[in-house]
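What TrEMBL says about this protein:
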type	residues	note
BINDING	A:228, A:229, A:230, A:231, A:232, A:233, A:234, A:235, A:279, A:326	substrate binding site
COMPBIAS	A:418-433	compositional bias 'Basic and acidic residues'
DOMAIN	A:10-220	domain '6-phosphofructo-2-kinase'
REGION	A:412-433	region 'Disordered'
């Protein structure tokens, strides 16, 4: 078995149990963990208790969440039971590895119940608490929720915010944070968006990866810009890999790029990352920002096929060519890499991107597809086939529950390097404008 | 500039300020951080305040450390000043990146003084506290110290232990742990060897790497076994790289390995890691333990030289051949990797090795050299030239301040793949027994 991070000596099934008052960013953290693990090929899924509760009670008022409301309490517990039931079924039927139980789980009694339930089914519970007393952060979250929560669909936003604040107060009455009385549990407690992080009894590799990931997250607004290098001499002849120089049109793109970037970035501070290969460094060389070259951003290594065209590969290695078409994500060039290998080496890049603010990355087709797949949550079977034209600046703006994308073409012609699945391998000399 | 982890937007100078009572493993953590960072090519050095104090007072009794002993207090502060002075000089003259101030730094007043001093010189302070109330752990540390500390050289071990415990009590009288009154400081607080870890205001990439490293450390006794794959068909002809099968003698080694390993490991649980290449998997295939193949353990990629012999490389790429001889650590094969690149991709392997207990790794010459260099603290200019014969089992046992090594030859002949620096490139067909 080839390892992508999980060792067989570890617990195979982990449930991340979210803990925290409403409007503390639990669902945001949940979604990010699911996206990050999925990108790393670790099967992950979230189970949101609220959506199970809505099956019975679609638009509850704050009173529903009162601890003295016996019917409300019963229904909320039922919802949690249903969520856990579905989760256990998912572990069984889908070879799931990490489930995330997205709910407040705000009392020790509730957590103790969930812990026993999970352990009884061979699932390791791992509590992730988001604790926050920063008024501005909470207020921003409330504003997000009142406009996005299905609980308040169709309601007056002012009324929704008021009701939601009343709901939070109901929870506050009974809320118990993770402390020394739960010292035997594995948990991480994130205080005011990683201003402080308390990590308790971390056991497995997966727990340690998740902890490292959440402690590097921030919520400042920023953008990430992606661009392929300008058209290269290899692109002109359809050769893969190598370390060619830019073509004259690639050079034109490099010269136009500062203007394009300036328009998109404005006066914001920016750092430019490139690969260690000539074509990305030549493309970035007129950009007036600090630059950094990463080996991890080098193009997918085509191994023995480096320097060959698709036609040559099809002639010399016909079975390989077909195998790659069949499963482009897993196919590893002889002596080279697969998309999966690229994702593995990009992991530290993604971690550092989460920590940083405005970053522009000038890199290569396959690498850009992998980075893009992380931010846009593109599934593995689709990401290697994604169209990323040359001479185009892509702007990604991560928002709480999605990432906004803008593409700015430089309007400088270039060959298309895109090869459609199952089609002829002939290299396209068609010029794309 | 090529990036190996540190981005230019970060603080270039960091001082890890250790905090903790005596016998809490501060020096151990210090040494591990220095070794880890040095291995990653991040210039790091420790400054031990005790050794500065010993210049004036070589064998102080416990009373020297009494808070009411004005002369002792003055001398200890002088020692700290001298250590910081040397550290600042080291930053200036040696392009240092991370200094570690190894001392108790046990009061808020002392820490506040150090913080101001460092910040006044453009150095970011980062406190790492080791807090421990586990009696057995402390006792083991006391036993280590009384036999290894220069303070007690030549003294009766019983007396030394008694005096050392009295010294600890002196410190306990004034000790102040890191808490909310120091909330503005960047710190990590390690409680009972990572049973709990509190991380506060982590800012830079380097801080986050150091935190992730120390939170993965454990102090259970264990061993790591290293072996190259058995002799391969490529080894016979002196070809580099490839994905060849074992030679008949390599096959003999694979068949003998279970016996060798059984003798070394005994009944301890073991997991075997291999690369994804045939020759390591064939070598490990008779070992009766769980196995895991890592792409990160594949041999250094010789790029365009893959499949060539040293003679062929010297003929075809004479300048490259000479450049590699001159700086083998930095030399990157065209389209391939350098030793430095291998270290970068091995970093997750080292992190996971720190977390695991008994592990056996069957891998390749260059990769094994890099892993060995981490555990044995081999400097970069020497590690690529290290002799690692085929058909030999290496046992490493990490101890608090060093790693014990044992080599067990299988006594199965194999070619030597070692090429001495500056010598003829002729492949040796000499058989080593």
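Every residue gets a Cβ built from N, Cα and C, even glycine.
Taken together, the residues of the domain '6-phosphofructo-2-kinase' (A:10-220) have an average pLDDT of 92.
The Cβ neighbour count for residue A:230 (substrate binding site), using a 10 Å radius and every protein chain shown, is 30.
When Cβ atoms from all protein chains are considered, those within 10 Å of residue A:228 (substrate binding site) total 30, not counting its own. Following the DSSP three-state reduction, the secondary structure of residue A:234 (substrate binding site) is helix. For the recorded site, residue A:228 (substrate binding site), the DSSP three-state label reads strand.
Sequence-distant contacts of residue A:279 (substrate binding site), defined by Cβ-Cβ distance under 8 angstroms and a gap of at least six in the same chain, are A:229, A:230, A:232, A:243, A:244, A:245, A:246, A:250. For the binding-site residues A:232, A:234, the greatest number of Cβ atoms within 10 Å around a candidate Cβ is found at A:232. Spread of the substrate binding residues is 30 Å (greatest Cα-Cα distance among A:228, A:229, A:230, A:231, A:232, A:233, A:234, A:235, A:279, A:326).
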